[in-house]
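Trainee: Provided herewith is a single structure, encoded as structure tokens, for subsequent inquiry.
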Amino acid sequence: MAKITTSMIQEILTAIGGKSNVIKCGNCMTRLRLTLHDDNLADRDTIKRIAGVMGLVESDDQFQIVLGPGKAQTAAEMMNEMMEGEEDNSASTTAESRDLKDVASEHKQKLKKKQTSAAQRFLSKFATIFTPLIPGFIAAGLLLGFATLLDQIYIIGNESPNANLVDLILYMKVFSKGLFSFLSILIGYNAQQAFGGSGVNGAILASLFVLGYNPDATSGIYSGMTDFFGHGIDPRGNIIGVLIAAIIGAGVEKKVRQYMPDNLDMILTSVVTLLIMGAVTFVVIMPIGGVLFQGMSWLFMNLNGNPIGSAILAGLFLISVMFGIHQGFVPVYFALMDAQGFNSLFPILAMAGAGQVGAALALYAKANKDALLRTQVKGSIIPGFLGIGEPLIYGVTLPRVKPFITACVGGAAGGFFIGLVSYMGLPVGLNTVFGPSGIVALPLMTSNAGIFAGMLVFAAGLVISYVAGFLATWFFGTKNVDLS
């Protein structure tokens, strides 16, 4: 049987209409699964004649090229690398209209092309890991927030609460408990898949952090093990350890697959990978992950707990978004959830988006009534209030540079306020790992003094960022700036 080679992948790409025609490239055990922009561009007869191609299946929106066991994953990895590593020279269309969507997309893509460093590519994979989970984070957080509101208004202090309401509150809270009880497994699956391994192997490795190793424990699922060949097991590190195990596990799996005969790949590759990575996880990753987890928690709790550190974090967050490395904060969110019971970093970083809103409003006020800038701001300001900041960043402030800087100043002012309140003894945070960053986040806020105090502090921080971003832009962000 023909081996998967670079020339073979290039032949397939040419036959399916080029890289520009590929939306998504994935695989199952035997098939290269492609989602194409236009199936009509694919030359089916040519594909079938390529050496190593065993067949072609078209199902729903997928174009499936049968390559056989042990080959499909290699082909998918090579094709993805080929598509990422080279620029697509296909002709691009240019629209005459310069609405917000066009401008934002253009500037965003220019920046993305510059993000080629290994560190940026590594951090960008965090989006692949966590983005599919965000709807669940938000849903569970909103349900928990509304349940907590009902609890504080109708249940606490009530000697005879309504039984149905109590059941409803417990029902609304159970989703959050379920999510966080087994979240590590979901992350392990996504992480190993994002780095080129099999998701199920990552999920199994992540489950080692969820299982219990104390037979006398009254909660959790006992693993049946108390030690690993005499080496004590301490499943610390949680999400940090899971990420390390899944990333290394993906590398081990790919290396094992290189030496595994094709006909044994489906049976033995995962077996060998799990045996190797299980031992590495118990002996090395769990202890290291625990130290990193504790260190990360300590560092950001101290940064969050003082106004200067919070101002710096909020002020620089938009720059991290611009370079695509903001997903690197997500493991910190987990560390803070574990240490504090809520995500105290998220509301600080959310001030950055509020600063953008204030800056955009100042630009709107300064621009002429018939200016295109006003149209762009109108199209992006409502999403900005709701915590969706990319249209403002890439379409309004960043192309004009100065307003982007003054927006960062506005975010820093709000971050300073949140940090000051925390320094005075009232840290606030999100009740879930991740959520919306605008006014929609209000029901998800909590604090040591309860949900109402958390909501009030967050709302005040938003207002401060709006005002500071507006004033900084009004006085310092519009001189020699295109307001047309």
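Each residue's number is its place along the chain shown, starting with 1.
Glycine is no exception: its Cβ is also placed from the backbone N, Cα and C atoms.
From Swiss-Prot, for reference:
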- 1-89: domain 'PTS EIIB type-1' (DOMAIN)
- Cys28: active site, phosphocysteine intermediate (ACT_SITE)
- 83-106: region 'Disordered' (REGION)
- 96-106: compositional bias 'Basic and acidic residues' (COMPBIAS)
- 124-484: domain 'PTS EIIC type-1' (DOMAIN)
- 126-146: transmembrane segment (TRANSMEM)
- 168-188: transmembrane segment (TRANSMEM)
- 194-214: transmembrane segment (TRANSMEM)
- 232-252: transmembrane segment (TRANSMEM)
- 273-293: transmembrane segment (TRANSMEM)
- 312-332: transmembrane segment (TRANSMEM)
- 345-365: transmembrane segment (TRANSMEM)
- 379-399: transmembrane segment (TRANSMEM)
- 404-424: transmembrane segment (TRANSMEM)
- 451-471: transmembrane segment (TRANSMEM)
Trainee: Look up Cys28 (active site, phosphocysteine intermediate) in the DSSP assignment and report helix, strand or coil.
Mentor: coil
Trainee: Using Cβ distances below 8 Å and needing 3 or more such pairs, separated by at least 6 in sequence, tell me whether the transmembrane segment (194-214) contacts the transmembrane segment (273-293).
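Mentor: Counting Cβ pairs under 8 Å, at least 3, so yes.
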Trainee: Taking 10 A as the limit, how many CB atoms besides its own sit near the CB of Cys28 (active site, phosphocysteine intermediate)?
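Mentor: Other Cβ atoms found within 10 Å: 12.
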Trainee: Could you tell me whether the transmembrane segment (312-332) and the transmembrane segment (404-424) have 3+ CB pairs under 8 A, leaving out pairs under 6 positions apart?
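Mentor: Counting Cβ pairs under 8 Å (6 or more apart in sequence), the transmembrane segment (404-424) reaches the transmembrane segment (312-332), since there are 3 or more.
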Trainee: Count the CB pairs under 8 A between the transmembrane segment (345-365) and each of 168-188, 232-252, 273-293, 379-399, then give me the winner.
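Mentor: When the Cβ pairs under 8 Å are tallied, 379-399 comes out ahead.
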Trainee: Just give the helix, strand and coil counts over the domain 'PTS EIIB type-1' (1-89), going by DSSP.
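Mentor: Per-class counts: 36 helix, 22 strand, 31 coil.
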